[in-house]
Amino acid sequence: MLYYLFEWLHKLNFPGAGMFGYTSFRALMAVILALLISSIWGDKFINLLKKKQITETQRDAKTDPFGVNKVGVPSMGGVIIIVAILIPCLLLGKLDNIYMILMLITTVWLGSLGFADDYIKIFKKDKEGLHGKFKIIGQVGLGLIVGLTLYLSPDVVIRENIEVHTPGQEMEVIHGTNDLKSTQTTIPFFKSNNLDYADLVGFMGEHAQTAGWFLFVIITIFVVTAVSNGANLNDGMDGMAAGNSAIIGATLGILAYVSSHIEFASYLNIMYIPGSEELVIYICAFIGALIGFLWYNAYPAQVFMGDTGSLTIGGIIAVFAIIIHKELLIPILCGVFLVENLSVILQRFYYKIGKRKGVKQRLFKRTPIHDHFRTSMSLVEPGCTVKFTKPDQLFHESKITVRFWIVTIVLAAITIITLKIR
């Protein structure tokens with residue numbers, strides 16, 4: 001909203017109004033404003049949660065030995081993150097930009113889904129929360145909306161990067177002058193760092209392009225669901241999900257910025273995405289909101305984000321990566337979320353195999369995997385064998401959290417580096 005006001009003032013030659021025309025200025029304003037909202041207003045909101053007794057309820061020490069110490073800590077703090085994202089974006093962003101619109105829809109959509117889950121847990125005293133199938137329906141629905149919008153909207157275009165080889169000279173990367181609707185996505189080790197989904201269904205002949213878009217929509221749904229659930233599982237220790245997501249967000253911000261700048265896109269040999277500069281405003285608000293929230297969520301946590309926050313930030317990361325055509329970098333960048341997901345899936349699969357044989361068995365002492373590193377064998381179900389018992393030394397949750405942050409930083413660096421691998 002302020003963007004349009006200052007654009008009007010700039011036309012009237014109002015001093016300083018032209019600053020709002022610079023993406024870098026609005027991005028810095030977004031991160032500062034989001035940080036202030038989440039840290040200053042966040043404190044007041046936490047006190048309100050305490051007053052209304054919107055807190056973690058009693059946990060069963062047998063099924064959740066680590067949760068018993070968290071009883072009484074305010075939950076649903078994800079509202080702080082959501083508000084701190086929305087306000088800067090509404091004030092500083094171009095609200096007619098299709099990418100900004102999609103990100104705002106994602107924030108509200110998954111925020112509402114997570115809020116419903118937390119509401120049922122806290123106010124209805126149902127520890128299971130929203131039924132799993134409704135969560136999946138919500139995530140799939142969002143993935144479908146995002147995928148179809150990117151397919152159908154005339155504003156969603158790219159300019160393809162083209163490698164020009166001249167004998168005796170270094171390869172030069174140029175971008176086409178025409179805006180294209182494309183099913184291409186960025187992936188290292190492929191020609192021009194691009195993979196076209198339509199090429200994967202080339203056997204369909206003249207229908208390959210349409211089939212490529214169909215495949216893209218399916219992948220969009222899968223990525224949104226997987227990353228959203230991964231972030232949800234990662235939110236098991238104080239500061240864990242917020243810290244990891246801020247690091248991932250910063251990396252996505254770099255990728256969005258270089259994708260929106262034709263010279264940087266040429267240097268990295270990636271596609272140029274007109275209009276994606278508005279995503280830099282959004283992701284800066286996202287980072288600022290998470291850092292401000294981390295002020296209260298770091299160990300010992302004064303507030304938990306709940307599913308209101310974790311489902312939302314996971315979905316934001318997924319949709320953002322899809323919009324900038326970097327979704328196939330997610331397994332690297334969001335490696336921590338991927339491992340959290342896989343640990344739970346493998347644990348259940350291994351348990352079911354043992355159950356068929358009449359044997360109690362586990363792959364890990366406890367999942368998601370971050371809990372494995374702080375769980376002693378004495379907390380494992382009696383008579384149950386565990387495949388992987390290492391490490392013998394147990395770690396405090398703050399040490400595990402920081403180490404997971406370090407792993408995410410390394411994965412973020414690898415993600416950026418892969419773009420220069422030929």
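Glycine residues also receive a Cβ, built from the backbone N, Cα and C atoms like all the rest.
What Swiss-Prot says about this protein:
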TRANSMEM  28-48  transmembrane segment
TRANSMEM  71-91  transmembrane segment
TRANSMEM  95-115  transmembrane segment
TRANSMEM  136-156  transmembrane segment
TRANSMEM  211-231  transmembrane segment
TRANSMEM  239-259  transmembrane segment
TRANSMEM  279-299  transmembrane segment
TRANSMEM  313-333  transmembrane segment
TRANSMEM  399-419  transmembrane segment
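Proximity of the transmembrane segment (136-156) to the transmembrane segment (313-333) is established through 3 or more Cβ-Cβ distances under 8 Å for residue pairs spaced 6 or more apart. The stretch in 28-48, 71-91, 211-231, 279-299 that contributes the largest number of Cβ pairs under 8 Å to the transmembrane segment (313-333) is 211-231. If one looks beyond the transmembrane segment (211-231) by at least 6 residues along the same chain, the residues whose Cβ comes under 8 Å of a Cβ in the stretch are 110, 136, 139-140, 142-144, 146-148, 150-151, 183, 185, 196-201, 204, 241, 245, 310-311, 313-315, 317-319, 321-322, 327, 330, 334, 336-338, 340-341. Counting Cβ pairs under 8 Å that are 6 or more residues apart, the transmembrane segment (239-259) and the transmembrane segment (95-115) reach fewer than 3 and are not in contact.
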